[in-house]
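Visitor: Starting off with a structure, shown below.
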Amino acid sequence: MAASCMLRSSFISPGLPQLHHQSTSKPNNGIHFFTPIKATATNDAISQQKHRRPADENIREEARRHCSSHNFSARYVPFNAGPNSDEWYSLDEIVYRSRSGGLLDVQHDMDALKKFDGQYWRSLFDSRVGKTTWPYGSGVWSKKEWVLPEIDSDDIVSAFEGNSNLFWAERFGKQFLGMTDLWVKHCGISHTGSFKDLGMTVLVSQVNRLRKMHKPVVGVGCASTGDTSAALSAYCASAGIPSIVFLPANKISMAQLVQPIANGAFVLSIDTDFDGCMQLIREVTAELPIYLANSLNSLRLEGQKTAAIEILQQFDWEVPEWVIVPGGNLGNIYAFYKGFQMCKELGLVDRIPRLVCAQAANANPLYLHYKSGWKDFKPVKANTTFASAIQIGDPVSIDRAVFALQQCNGIVEEATEEELMDAMAQADSTGMFICPHTGVALTALFKLRNSGVIAPTDRTVVVSTAHGLKFTQSKIDYHSKEIKDMECRFANPPVEVKADFGSVMDVLKSYLLSQNSKL
């Protein structure tokens, strides 16, 4: 039986319904949950006084004070193993591949989770939204039972990541796509500015646990196209764990490069591409006690899957028709599938959305594989793309991505450099400020709308994976029309004008007339 901390205060929410046990059998005596009470104005005030943390007690001490136990568990198993496979590993083992050399997956004890019905889990997750109780203020750790159920809350390394904005892209959807129900899940609104935080909080928390268990881990390393290294270095710095980063020289933005440097990572700028860096970090972690943080390590996907759960939660547990995800190393498309599928299997929803994986045409091995009918996957040499984080020609999670897309009748699309930059500029013109990777996803949406695959009324979610502020140079180049062989149709360069009233008025009148003609 594993110990875990369930904070009493996180289960109390005004008007929250009672949580009922679904199973008719006797509950396991090792499971102890606090049942939410329906709060009134009076008992809510009493509750706030009762659960206020004493002045001399820190947030982790409060978590320990309200500690209880459960019998949920998880383990590593070979990815997509058959029912007769008996191979498995504890999450406390340092292992990245199965005996046959294949990928691993984190398998949860679904029988234990199914002892509680969908209404229970919906109410539990909803009751934690907006709380500061440790660690449930995090959008990842608010689903702790589904992520790393056996880790002690004292070992968790979190910046309360997740809980990212899901907003209605009304003007963009109506003006450019004729859509009325288009949404953007902005995972870039996070601690280090990308969705990688969701996975890194899980991985670094487990490393923190392993180091306390005196496992041979002297640091954590990754190959990166920018965002992974930013997340790794930040979370390792928070826990006082050394981080080692392999970056392809001159292939990431300065904003991405400065993040691991600022957070104290040991950064190696290597004269190769991401695939070359990935090969080197694999070889290094096989020889040195450095924990591998790339998505070959399936722990990260446990955190990333919570974005899918969060989308359902933000829609009041209604399922959208489509979710479009940019894809490079391809772990995220599988993570989204896994999150949606867990919600279906545990009764929170009755179906899952169709997934679309969007790739840059300059790095499109999954797209080519999809167009061939999933026959004979071949890596490609990734060419330079403005969507630098997905400039990957030999994705680690290809098998995971294919499985996910086949299970949900998914689609793969691609975007040329001009298409993705135009889409980014169009989105920005309606009040967004997106990254080029989101431009790839929006291009996929344009194509699927134009072909009639996605209907104008289909509820569709585009996953924005990073913050646009990481990619300002690409936006400057576009609006300055300085990109070779690109028309930059939606560029909006500044207008140079003399410093006198008449010149300014002439320019303004011309601008206002042009705007009026568009009405």
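Cβ from N, Cα, C; glycine included.
The transit peptide annotation in Swiss-Prot covers 1-40. The N6-(pyridoxal phosphate)lysine annotation in Swiss-Prot covers LYS196, and the record cites similarity to another entry as its basis. Feature annotation from Swiss-Prot assigns pyridoxal 5'-phosphate binding site to GLY328, ASN329, LEU330, GLY331, ASN332, THR465.
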Visitor: Excluding GLY328, ASN329, LEU330, GLY331, ASN332, THR465, which residues of the same chain place their Cβ within 8 Å of the centroid of the Cβ atoms of the recorded pyridoxal 5'-phosphate site?
Guide: SER295, VAL325, PRO326, GLY327, ILE333, ILE390, ILE392, PRO395, SER397
Visitor: Just jot down the residues in the same chain as GLY331 (pyridoxal 5'-phosphate binding site), at least 6 apart in sequence, with C-beta under 8 A of its C-beta; none if empty.
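Guide: Listed in sequence order: GLY199, SER295, ARG300, LEU301, GLN304, VAL396, SER397, ARG400.
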Visitor: By Cβ count within 10 Å, point out the most packed of the binding-site residues listed: ASN329, ASN332, THR465.
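Guide: Counting Cβ neighbours within 10 Å, the top one is ASN332.
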Visitor: Give me the long-range Cβ neighbours of GLY328 (pyridoxal 5'-phosphate binding site): same chain, 6+ apart, Cβ under 8 Å, in sequence order.
Guide: THR225, GLN359, ALA363, ALA387, ALA389, ILE390, GLN391, ILE392, PRO395, HIS437
Visitor: Give me the CA-CA distance between LYS196 (N6-(pyridoxal phosphate)lysine) and THR465 (pyridoxal 5'-phosphate binding site), in Å, as a whole number.
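Guide: If we compare the Cα positions of LYS196 (N6-(pyridoxal phosphate)lysine) and THR465 (pyridoxal 5'-phosphate binding site), the gap is 8 Å.
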Visitor: Starting from the Cβ of LYS196 (N6-(pyridoxal phosphate)lysine), draw a 10 Å sphere and report how many other Cβ atoms land inside it.
Guide: 34
Visitor: I want to check the contact list for LEU330 (pyridoxal 5'-phosphate binding site): same chain, sequence separation of six or more, C-beta distance under 8 angstroms. What comes out?
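Guide: The answer is CYS357, LEU366, PRO395, VAL396, SER397, ILE398, ARG400, ALA401.
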